[in-house]
Amino acid sequence: MSSKTTPAPVYIWTADEAIKFLKEWNFSLGIILLFITIILQFGYTSRSMFVYVIKMIILWLMWPLTIILTIFNCVYALNNVYLGLSIVFTIVAIIMWIVYFVNSIRLFIRTGSFWSFNPETNNLMCIDMKGTMYVRPIIEDYHTLTVTIIRGHLYIQGIKLGTGYSWADLPAYMTVAKVTHLCTYKRGFLDRISDTSGFAVYVKSKVGNYRLPSTQKGSGMDTALLRNNI
């Protein structure tokens, strides 16, 4: 005697239930989306480093959340077409996440900075100030970089890095580290306003996978590999 298995019931979300869900969660969803929008809109290193870090965390969480949702769609696909598309989207999301980690690890090996795992950019601006290596992300591949010192406060492209510097502390070179190569910027113009104020313009001079000599005599530190960074 053969027993027939009862098929599992298929739950269909009706329009009325969708409207009810939106009515119940509309306020919370609106607050969450407003928060994310504000963070993405105003999260810049030149404005607030704290807000920028929150923005990076949100962007970083997008990949695992996307992978989870695409896998969920594969498990609960409505039909074969949705299943096929969900599988494709899952594979693409996983591949892109793996590529992100590979590039981030390569950049971390090059720089030694955890800014290498920034999901927004693979360009890390690096400058050696009296033996302290500052590393910060920049969005674009600039042809020139502006370094400003205002009453001892160090700024690069509007990003505050540190204090206690004079215009004489500005190095002759700085770099922008990327996954596959380094961009060297040479100081092309220097204007002294006072002992603790001035600015310099650095112009891109070389691009390649090479090392720069350390500014510290006898330290053995490689400027391009950027250890002891902040």
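Placement of Cβ uses the backbone N, Cα and C atoms for every residue, glycine included.
Owing to the predicted nature of the structure, the values given are computational and were not obtained by experimental measurement.
The O-linked glycosylation site feature in Swiss-Prot is assigned to SER2 (among others); the stated evidence is experimental evidence.
What Swiss-Prot records for SER3 (among others) is O-linked glycosylation site, and it gives experimental evidence as the kind of evidence.
Among the features that Swiss-Prot reports, O-linked glycosylation site is placed at THR5 (among others), with the record citing experimental evidence.
Annotation comment: Swiss-Prot describes THR6 (among others) as O-linked glycosylation site.
The feature O-linked glycosylation site is assigned by Swiss-Prot to THR14 (among others).
The O-linked glycosylation site annotation in Swiss-Prot covers SER28 (among others) and rests on experimental evidence. Residues near SER28 (O-linked glycosylation site) in space but far in sequence (CB under 8 A, at least 6 apart, same chain): none are found. Look at SER28 (O-linked glycosylation site): DSSP puts it in a helix.
For 1-24 (among others), the entry in Swiss-Prot reads topological domain 'Virion surface', with the evidence type sequence analysis.
Positions annotated as topological domain 'Intravirion' by Swiss-Prot: 46-55 (among others). Using a Cβ-Cβ cut-off under 8 Å and counting only residues 6 or more beyond its ends in the same chain, the topological domain 'Intravirion' (46-55) has close neighbours at 39-40, 120, 157-159.
Per Swiss-Prot, topological domain 'Virion surface' is recorded for 77-84 (among others).
Swiss-Prot lists 106-228 (among others) with the feature topological domain 'Intravirion', giving sequence analysis as the kind of evidence.
Taken from Swiss-Prot, the feature transmembrane segment applies to 25-45 (among others), supported by sequence analysis.
Residues annotated as transmembrane segment in Swiss-Prot, with sequence analysis given as evidence: 56-76 (among others).
The transmembrane segment annotation in Swiss-Prot covers 85-105 (among others) and rests on sequence analysis. Sequence-distant neighbours of the transmembrane segment (85-105) (same chain, 6+ residues past either end, Cβ-Cβ under 8 Å): 63-64, 66-67, 70-71, 73-74, 77, 116-119, 122, 179.
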Sequence-remote partners of the transmembrane segment (56-76) [C-beta within less than 8 Å, at least six residues beyond its ends]: 36, 39-40, 43, 82-83, 86-87, 89-90, 93-94, 96-97, 100, 117-120
Residue distribution over DSSP helix, strand and coil in the topological domain 'Intravirion' (106-228): 13 helix, 57 strand, 53 coil
